[in-house]
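What follows is a single structure, written as structure tokens, with notes after it.
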Amino acid sequence: MSHHKRRVYPQAQFGLAQAGQTGYQDVQQPGVLPSQANYQEPVPLVTPIQEVLNNQIDQTADSLHNMQLHNVPDFNQPLQGQLNGPQSPALYQNYNENGMNNYNAAFGNGGTSVKQVNQLYPIDLLSDLPPPIKDLGLPPPPINLSPDIMSVPSDKSNASPDYIRSTLNAVPKTNSLLKKTKLPFALVIKPYQHLNDDVNAPPLNEECLIVRCRRCRSYINPFAKFIEQGRRWRCNFCRLANDLPMQFDQSSIDTNIVNRLDRTEIKNAVMEYVAPKEYTVRPPPPSIYTFIIDVSQNAIKNGLFVSTIETLKQQLEYLPNRDNRTKISIILVDHALHILSIPADDVSNKFRILDVADIDEPYIPLPNSLVVSLSRCKQNVQLALEKIKQLFEINVSTKFALGPALRTAQKLIGGVGGKLIVISASLPNAGIGSLQRRNESGVSGTTKESSQLLSCQDSFYKTFTVECSKTQITIDLFLASDDYVDVATLSNLPRYTAGQTHFYPGYNASNISDFNKFTTEFSKHITMDISFETVMRARGSTGLKTSAFYGHFFNRSSDLCAFSTMPRDQSYVFDISIEDTITTDYCYFQVAVLLSLNNGQRRIRVITLALPTTQSISEVFACVDQQAVAAQITQRAVQKANSSSIDDARDLIQKTTLDILSTYKKELVVTNTGGVVPLKLSTNLRILPLLMHALMKHMAFRAGVVPSDHRAYSLNVLESVPIKSLITSIYPSIYSMHDMGDDCGYTDETGNVILPECINDTAILMEKYGLYLIDNGSELFLWVGGEAVPELLSDVFGVPEMSQVPVGKHDLFRVEGSQFNERVCNIIDQLRTSDDTTVYKTLYIVSGPTINDSFSQGTRELASLRMWAATAFVEDNIMKTLSYREFLEKMKKEVSK
């Protein structure tokens, strides 16, 4: 029982509104909250293959007392038998909350292990409404591995889904079976989990002894087998027997014998090596940050220039500088280039600004004094930043020579490499790379949108990235303007150099919310750890090969992805093809990342994943990771939108969903000639149609007129966003605040704030007297119902009437003496707090319409806010699109043809 006092906010005293009111369903649906979804008892489907398998299992089970057939792990006994008896779909989905793999095995009297499989639990999607969105918080289906394939069975022997996820946790043995399923086969990879490398770092092998297969070059891992009395090891990727170096059983500190099973690489599927000299072409370079700052009239007027300078001053000491070799340079840009020459602190306190007026043939004056040591020049950099803020505060130049600035910066640091961080409020309009405003009228929302508005306007922005990749340079963009800046063209710079684009439309530094968002994201970006001179390769065992790559990097060869610098907040998707029939019971993937750290070390991060193989289509479907599938389809849709059209991207999403549903019906559903034909799918896939339906309503793909900068930015973000953020972006989280539990808003034993349960993304569940918090991954909307009682308004906002609620872009003020206000603020802070992303979510306060109003009534700003917030109701008929039920009805009709 909670000790926190809960205040109950009664429903306002009013009658039901007239039917058909825009945006709200006036008759509330009792008992349709997601937590109250009616689950049916599972009825496993029986295919010929499965029938044979079940008969075999039944015979074996007669002699066993602890046989488990339904794959509901007992995580208190991780290496013992599982529970008996049939389980509900809800229990089937209730995997270990940490998402670790299932290594349980049931053993017969003779000691022979019996292969476990995930069972199919079919549901009717149309009877399973509203969709059970709690599934979005579940880990992937268990990976069923026998402990005897690992040298040291443990939950660390196979890679965590935090690092790598496969769309299929049971891999078809043949390409024909894969094609038959119509399911995508891909890996979703996130090499780093935190912005700071010191947080939960994986085990490190510092011995510089690296054991690799001499044929396929995979690294020894927990699934390698020691053979011939331990003198050799068999590669689990290509099956080659390799010699084991004598040092493998010796301590690197002394000559004592060590237990090889205690070695880091044998116990851990995710680990790092300190790389020996043969992995180094040149000594690890120092970290170099070059800031290209717009000082034109636009940047001065909207406050971006001052915001940048103030943030840099505060964050200089927090730039990664572990080895005291970090360097910095600053280039100010308008119609000319203004490069800062800063002396060491112990030499002089006077800096110079070197002006380069010839932007067609820019030269670099005094190059040795333009890229300076942060440790030796920190005080003078601070002084210079304060001085230039005064010098440029009344600049009237309207030009912005970005192209010449980029070329100059590339010459400055090209011998070493590093980061170019561009902060701009203007469309480049001087020198090479000048851009023109594109005419969006009559083009936006048509089939010509991609080719005329979302394409690269100037080839410079693609060819320059090739030069940057050769010289190990990454480009990041911070674009903040209330006017057109051609995100579609500029975003090519980060896309092919492993960078990121940050976009702040309508930026105004005098608005504290705008200022906080920019400064927070800019600060987190420049202070997060990064890797230099990085390459990443994914290997598959015999028969498996990487075939396509998605993300922000430069693809150097057929399977090698190059990152001039690797950030900590991006993920990558690699498609997998089955080249030859897989003859083994298990297959393997290994991701290797070779990198240089800010501490001067060269390292190799190795991530190894083992998956079972199968010839059963039912087992393949039972092991699909629906969120990983959603990530892969999103990448293909982004590629289609950029190369073809938005319409084609939506068609791809819809066709892929239809193909999966049709295949499931054809291969796994027993034909029922009588009664209504249901739209069947397995429980582990039941949220995928919802995600695909919502994805088509995302700003990146929705039909209609969308400003091209916003569309291009949305597409760019989807290219690199990790799964967790991707799902929130596709299907926003809506928290019901007015009736949240007593403990919500307070911290738990781990220090995290307890969040309310989410409700479905539909206005049907939005009470007109309620308070809701909407999180779409980029922004937060605090929605207060138009009929909210005065007590709620007083407790949350400190005002007695709706007319006094501060609508718009505002942070929620603290109300003295109100515990409820404190809890709401704590929840908002929790949703903004994350050490794995640089995103800071701006809060918008929105008041809903009263009983006699519609969405469009009120001020223009309020009506726009309501419509923007309402885009989160993806299950409804928003923006002239189908509701989720209508979408399923359409799918059912197509499947039944």
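From the backbone N, Cα and C atoms, a Cβ is placed for every residue, glycine too.
Ranges compared are 213-238, 291-316, 369-394, 603-628, and Swiss-Prot records region 'Zinc finger-like' for 213-238. Around the Cβ of Cys238 (Zn(2+) binding site), the same chain contributes Cys213, Arg215, Cys216, Ser218, Ser541, Thr542, each under 8 angstroms and 6 or more positions distant in sequence. Taken residue by residue, the region 'Zinc finger-like' (213-238) breaks down under DSSP into 0 helix, 7 strand, 19 coil. Taking the centre of the Cβ atoms of Cys213, Cys216, Cys235, Cys238 as the Zn(2+) site, the nearby residues of that chain (Cβ within 8 Å, site residues left out) are Arg214, Arg215, Arg217, Ser218, Asn236, Phe237, Arg239, Leu240, Asn242. For the region 'Zinc finger-like' (213-238), the predicted model reports an average pLDDT of 96.
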